[in-house]
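Trainee: Dropping the structure in here first, questions after.
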Amino acid sequence: MEDSQSDMSIELPLSQETFSCLWKLLPPDDILPTTATGSPNSMEDLFLPQDVAELLEGPEEALQVSAPAAQEPGTEAPAPVAPASATPWPLSSSVPSQKTYQGNYGFHLGFLQSGTAKSVMCTYSISLNKLFCQLAKTCPVQLWVTSTPPPGTRVRAMAIYKKSQHMTEVVRRCPHHERCSDGDGLAPPQHLIRVEGNPYAEYLDDRQTFRHSVVVPYEPPEVGSDYTTIHYKYMCNSSCMGGMNRRPILTIITLEDSSGNLLGRDSFEVRVCACPGRDRRTEEENFRKKEEHCPELPPGSAKRALPTSTSSSPQQKKKPLDGEYFTLKIRGRERFEMFRELNEALELKDARAAEESGDSRAHSSYPKTKKGQSTSRHKKPMIKKVGPDSD
């Protein structure tokens, strides 16, 4: 009996009668409406009710609203270094001018006096107007003004190539130094010039020329000082392949107001090398030799002075020295007698040479006659033999 009841409990849910009973128990609102053909009326009937859909979409909307609120300026995580922003200050031309302009404020640059020792890391040559420095070493540059500029004045530093065939190119670091992790998080890796010790430095790229520059606010000199000092660093060697590639560069320092108007300009040449003292000494010696070989002449006489100097040098070499006398100090009597005899022999030789030259000039009109006489003297006479049969 118990086995039959257990079999019925298993078979009832699987029978068709049980399913029809359960189907009739469902409320009519939960059954999908059908058309006369028995197919669903539309796809919209398959969607969830509106209250259920709003309940499910609620958490997503809350997340979308709360996500922007979490990104506040104070709690924002530090992002990686982004490319430098384009400067809103327009430049006057595609190639910046390098001519010195002091303006109304007497703006000009100055440098510390340093020697040419091998251990020096930064040295400036006045005669060459050139700064020699090592890679990534501090180079103090002095800003001098005769009167205080207006508030909001800025100081811009920009590097350009010195030679005309390279001026249109942008000065940038080589690919090797760009990949080096030597940045402070503020300067872009492709910028050559950096400012040290100034948190207000801005590294900018021009929209039109794509040139790199660094701008810092102008600070008046401190009490007891006559100038303001800015510490620059050059982050690539002058000999790096793919960068400057041994091409000389100029650093242009400009004084600008808050609107970008020029107030003053000054420039100097830069060489980034391993031994600044040695390179400065070598270039100054070459420059000095060049000046001695080609001295400066007043304007208007340069065209005539060049042939005169070249033609006068051979004349000085061909100038006879027979009429000049020299005094020679000799130690010892024996040496003196030897040199005296040598001098007398040379004097006698010169006298005989002069006499012979005089005789040759006097008898130059009779060379053939003398020659004929000399040959006839030594000529053997011919004798005709007379035989017995001759008359």
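Just so you know, glycine gets a Cβ as well, placed from its N, Cα and C.
Here Swiss-Prot flags Ser9, Ser20, Ser181, Ser267, Ser390 (among others) as phosphoserine. For Thr18 (among others), the entry in Swiss-Prot reads phosphothreonine, with the evidence type similarity to another entry. Per Swiss-Prot, the feature N6-acetyllysine maps to Lys303 (among others); the stated evidence is similarity to another entry. Taken from Swiss-Prot, the feature N6,N6-dimethyllysine covers Lys368, Lys380 (among others). Swiss-Prot lists Lys368, Lys370, Lys380 with the feature N6-methyllysine, giving similarity to another entry as the kind of evidence. Taken from Swiss-Prot, the feature region 'Transcription activation (acidic)' applies to 1-47. According to Swiss-Prot, the region 'Required for interaction with ZNF385A' annotation covers 98-298, on the basis of similarity to another entry. Per Swiss-Prot, region 'Interaction with DNA' is recorded for 271-278. Summarising the annotation, Swiss-Prot assigns motif 'Bipartite nuclear localization signal' to 303-319.
Walk me through where these features lie, including what they touch and how far apart they are.
Mentor: Under the three-state DSSP scheme, Ser181 (phosphoserine) falls in the coil class. Summarising the environment of Ser181 (phosphoserine), the number of other Cβ atoms within 10 Å of its Cβ, over all protein chains shown, is 5.
Shown in sequence order, Gln98, Thr100, Leu250, Thr251, Ile252, Ile253 are the residues of the chain, 6+ apart in sequence, with a C-beta less than 8 angstroms from the C-beta of Ser267 (phosphoserine).
Averaged across the region 'Required for interaction with ZNF385A' (98-298), the predicted model reaches a pLDDT of 93.
The helix, strand and coil residue counts that DSSP assigns across the region 'Interaction with DNA' (271-278) are 3 helix, 2 strand, 3 coil.
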Trainee: For Ser267 (phosphoserine), name the DSSP secondary structure in the helix/strand/coil scheme.
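Mentor: In three-state terms, Ser267 (phosphoserine) counts as strand.
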